[in-house]
């Protein structure tokens, strides 16, 4: 009677056809129908090799092509429906031939064919054997079959070249693979049925040799893709079939050992040098270097089979240290030579440095002298500007032209400021300030009459303030005229339409009202700072007594103008303090001479003691950048002012 069963693998589907020659009952374990009679061989099974994917010759052992069992084309193209013992015997004879070749493959694996330079880049060759030679007479296919019930002959199967592996991995199971490996090792020694299979399998890096995969409820098919049962805890390892992940444990499969060997080769000597030095410090001085190196390197390895590799690493470490010592000696010699050269060149370098210092000092002196000259010129220009420029101290208004000053005195802006000051100060004090501004304007007119070429002087002042004259034409930079709105902090092109449009905007009207209130408050602070001056306070006392305080000595008036200019420059609450502190430094007022005696006029004060007075006060200077004749602070910064 003929039955057909199917074995489902991860990649291929194998159709198994056999002929049942006995009348004994059968048990289906999912791998076809297995005979449970006394015949425990594979002689009664006929296997067809009809595959659904391109008739490949790889039968699912998870191996590279070089380690696969290649079948002849006649076998591959056999009729799937054929039955009979002849075809089964021919197939099994070919399988037994492959099995007889396994001892030769084992010898090659021990000599490095798999653990380092095997033909397969990913998996080891499938290690199998004829289970009939080593198993007892018990039922091979019983589901509760386990390692604990093997015959002594089964244990003898391990005697040979793998004894060292078995003992070493049993001792290192917990150290290398963590808690899970310790559990497997304990279960293997304690004789638990299920865990002992796992522990034995992982402690002995032999694949499935001599074991025929016991510990599972079913025997795997010889052509099944999953040679090792699929258990969730093993997913993530790398090998054949169920082990689809990376080679974390580093043994049992050729690729893991190969990668570890490559890792050994890629390690640098610096990894061993530090540990070796620590070992030398902590251990005895008589301990050889190779022993210390091997002890340190064993911590980084996953297998104890790399003695040759450790020897290579030790030799590489010693050679690297020798090279390092040689390089250190050479480096010390080179450093000594360089030190000698530096000592020999020390005096010439000092001389060169001295010359450089002298040249730098000379340049600094030239720059300082140039700055002092520019400062002196600027100071003279500022003094000339003070004499010919009209100034309204409370409104912070300055102009070179007389008609503009008259218009300002009659403007609403000027009157509102004085009205605000009158509300904060006594009426007589406010009237004194009004008379003070009027008298100052008259004195400025008298000084302007003494100047021969007033218009030329004004033009010269404007030219000096033009910083674009020093810029070459290839830079295409020139001076332009623009209107500056201090309330909006905005520069406007000098075009009538644009200016009128800006004046009608809502933002400008809101900002100008706020600016007006701020300007009034600032004018009050300026008025108080002026009145706090001792000379002006004496004039105020005389004015309150009904006398004319503006007919005093011209030199006294000059000092008062300078003090007032300082107050205008600040325009802040600190102005009063600065003015009161600067009063003692001023020369005292000369006494009136007795009648009938003549005294020479007092000498003018030196120019160095006078503080420069810019065209505009500090409060407005930042708001009128670029306006001709008013940008004195910018000129000070460009000319190297204090």
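Including glycine, each Cβ sits where the backbone N, Cα and C put it.
In Swiss-Prot, the annotation zinc finger applies to 392-414, one of the ranges 369-391, 392-414, 415-437, 438-460. Within the listed segments 213-229, 230-246, 247-263, 281-297, Swiss-Prot records motif 'Nuclear export signal (NES)' for the stretch 281-297. Per Swiss-Prot, the range carrying the annotation motif 'Nuclear localization signal' out of 269-274, 275-280, 317-322, 323-328 is 275-280. Which of 461-484, 485-508 counts as zinc finger depends on Swiss-Prot, and there it is 485-508.
In the predicted model, residues of the region 'Sufficient for activation of CTE-mediated expression' (1-269) average a pLDDT of 48.
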